[in-house]
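Enquirer: What TrEMBL records for this protein is below:
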ACT_SITE  Cys12  active site, nucleophile
BINDING   Cys263, Cys409, Cys477, Cys480  [4Fe-4S] cluster binding site
BINDING   Ser310, Asp372, Asp373  Mg(2+) binding site
DOMAIN    12-244  domain 'Glutamine amidotransferase type-2'
Amino acid sequence: MEFEESGIGEECGVFGCVAAGEWPTQLEVAQVLTLGLVALQHRGQESAGIVTSDGASSPTYTAHKGMGLVNTAFPPEALLKLRYGNLGICHTPLRKKVSMTPGSATLNLVFYKCTLQVMRHGVGLSTCSDSELIIQLLALTPPMEELDAPDWVARIKNLMTETPTSYSLLVMFKDVIYAVRDPYGNRPLCIGQLVPISKLHSPGAEEEDTEGWVVSSESCSFQSIGAKYYREVLPGEIVQISKHGIKSLSVVPRPEGDLPAFCIFEYVYFARPDSIFEGQMVYTVRQRCGRQLAIEAPTDADLVSTVPESATPAALGYAQQAGLPYIEVLCKNRYVGRTFIQPNTRLRQLGVAKKFGALTDNFTGKRVVLVDDSIVRGNTISPIIKLLKEAGATEVHIRVASPPIRFPCYMGINIPTKEELIANKPEFQNIAGYIGADSVQYLTVEGLVSAVQEGISFHQNKMIDFGNKSDRRVGHCTACLTGKYPVELEW
């Protein structure tokens, strides 16, 4: 819950679609793209953009972008002008000003590495966007490319070699989309198969049943568009998606000995609970985190609850492991953020009561374990504890289903500065007293990694074998928790 309040979030979600078979088809590509974006709305809410192509040898591209949520950014008239596309890509970004100051919390490795390469070629920049930098690098001619025949795979491989982390990209050119995941696999990307609704829940789908292919930051977008999960894009892989199907073109390797570095906070908070990563559902991983937390940090209590609602799976896992009932203690007002009422002194004093209502009958006179997914700054959980105690809870014990965040992220996640993080402040030594809880304990880094890696399954992911070099090793980025970054920082 504190992730949401602290503004910690992903940079964006990406989605692409290609109609299968001879074009034009009956598939409404623009509609599929829009529904895919809606399912990825949790990854960015400030704006959205779609580009479609007719896929001709001299293609016609049609684009629309807008501010706000997807349904606001794409009114019916906007979708009408996009409807003739046979393939298309889209994204919903989380806008953030990027600093080039070394060590700044808003600096990310993609921006830093791409800027060095682009400036080396004397190219000027018009924005502070890493997307512009990536486009500029792709536009640069890589070594050995014929000047009259752009080799996009060579260009993409050149980009990935120069900038090994952290991104997932969709590159559309004429009649194909290239799906690209950085060599460390830090950001997620997966492929889905569009099939007739009658075949959606059948065990397998034949090639002739395919109505199209989709690629998405998360698999949670597939159900709403009638697509079956196919597989993940591997770390470092370049996949070509066309009307003829999908084809793995190459896997750009990491430096010798380096493990993959999938962002572990995709499991903790960023991803939707029904998404699948590494052969396991995010919801199940969060439940395991809660069970592990109960093993590491037990306490005498009468019930387990949560701050609605991202930590609910972890709270359920904690309750199951501890043998305690899971009971709701808070009711969330989902619309408080949309109020037109201007805050005054009285409203400010009400504070958290505007967002949550106490379900007093459920916990009066009882000891409560309250499970949350994070305590980032410590200024959100404190008024909730106060609310519960004033409403009749005899004790409130805070259990956090992730370790303390101590370091900035340079992989593209918007995390407060090191000085703003509660884990780096003197108050952390007595955090229970600081926030008014009877006790506070976090899941350990070892416990989190164990809970995540316990259920990883490669058999659910169709591995691509390049001369028996397919990489089945497991690794996750825990840099914001440990300060150990997957690549060496150059500042």
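A Cβ is built for glycine as well, from the same backbone N, Cα and C atoms used for every other residue.
Locate each feature and note its surroundings.
Expert: Within 10 Å of the C-beta of Cys12 (active site, nucleophile) there are 22 other C-beta atoms, taking all protein chains into account.
The Cβ of Cys409 ([4Fe-4S] cluster binding site) has Asn108, Ile415, Ala479, Cys480 as same-chain neighbours under 8 Å, each 6 or more residues away in sequence.
Looking only at the domain 'Glutamine amidotransferase type-2' (12-244), the predicted model's pLDDT averages out at 86.
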Enquirer: Out of Cys263, Cys477, Cys480, which of the binding-site residues is least crowded by other Cβ atoms within 10 Å?
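Expert: Cys480, out of the binding-site residues Cys263, Cys477, Cys480, has the fewest neighbouring Cβ atoms within 10 Å.
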Enquirer: In the structure shown, which of the binding-site residues Asp372, Asp373 has the fewest other Cβ atoms within 10 Å?
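Expert: If we count Cβ atoms within 10 Å for the binding-site residues Asp372, Asp373, the smallest count is at Asp372.
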Enquirer: Between the Cα atoms of Asp372 (Mg(2+) binding site) and Cys263 ([4Fe-4S] cluster binding site), what distance do you get, rounded to the nearest Å?
Expert: 19
Enquirer: Other residues near the [4Fe-4S] cluster site, CB within 8 A of the CB centroid of Cys263, Cys409, Cys477, Cys480?
Expert: Asn186, Ile264, Phe265, Met411, Ile413, Thr478, Ala479
